[in-house]
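Copied from Swiss-Prot, the annotated features are:
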type: ACT_SITE; residues: C167; note: active site, nucleophile
type: BINDING; residues: Q43, F72, N77, E93, N120, D141; note: S-adenosyl-L-methionine binding site
Amino acid sequence: QLNMALMLFLAPSSDELDHVLGEQPYYDIDDVRLTFSPKDFIQVNRDVNVKMVEQAINWLDIQPQDRVLDLFCGLGNFSLPLARRAKAVVGVEGVDEMVARATANAAANGLDNATFYQANLDEDVTKLVWAQEQFDKILLDPARAGAAGVMQHIVNLAPSKVVYVSCNPATLARDSQMLLQQGYKLARLGMMDMFPHTGHLESMTLFVKTNHHKKNSNVM
């Protein structure tokens, strides 16, 4: 449910936001409460977002032993529902404030198996602590610019399944080529009307690793 109580925030400057009245706004998704600030990025269409999270969980077929990597994780929209089912979830996000919010949301929901890191995913991440870990499945939900900077690392990690959520068909098509060329097949494709009465759609794709493809020589 979306908290609909009266809330009042004042912005004395572009860098400040004072919480004057009411609770912190929140979404309830899959028995997880996600609190956020009016300045945070969050999916505006709660009902479609809930369905999108449910579909991602189903497509990834999360098992109790799975370790899951959530790239461009924001405040934990996918990470925390995934952590309800997986052994461990690592979320990576470029904005410090969102990493702090995701960490606080994990603690508030009693999810000690979700860990969050700040990183610029347009740069080489291979030497970062979280990038040295192994993951069974990966979800990514980048901005319109896509995820070109991290696609090679996703391939190197060799997860069994990848769910890519996109708001830009052009960058989704570009980034998908890396997966298709490295032994993944497109197993599912869905469209979600996140923004009714506009020309914008949210896409979700599931890629599944096949066994007959020889690994790329860059794989570590």
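Each residue, glycine too, has its Cβ placed from N, Cα and C.
Here the features listed in Swiss-Prot are painted onto the structure.
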residue: F72; record: S-adenosyl-L-methionine binding site; DSSP (3 states): coil
residue: N77; record: S-adenosyl-L-methionine binding site; DSSP (3 states): coil
residue: E93; record: S-adenosyl-L-methionine binding site; DSSP (3 states): strand
residue: N120; record: S-adenosyl-L-methionine binding site; DSSP (3 states): coil
residue: D141; record: S-adenosyl-L-methionine binding site; DSSP (3 states): coil
residue: C167; record: active site, nucleophile; DSSP (3 states): coil
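Cβ neighbour density within 10 Å is lowest for N120 among the binding-site residues N77, N120. Listed in sequence order, F72, C73, G74, V99, A102, F116, Y117, Q118, A119 are the same-chain residues at least 6 apart in sequence whose CB falls under 8 Å from the CB of E93 (S-adenosyl-L-methionine binding site). N120 (S-adenosyl-L-methionine binding site) sits 19 Å from C167 (active site, nucleophile), taking the Cα positions as reference.
Separating the Cα atoms of N77 (S-adenosyl-L-methionine binding site) and the residue listed as 'active site, nucleophile' is a whole-number distance of 15 Å.
Residues near C167 (active site, nucleophile) in space but far in sequence (CB under 8 A, at least 6 apart, same chain), listed by position: A143, R144, M194, H200, E202, S203.
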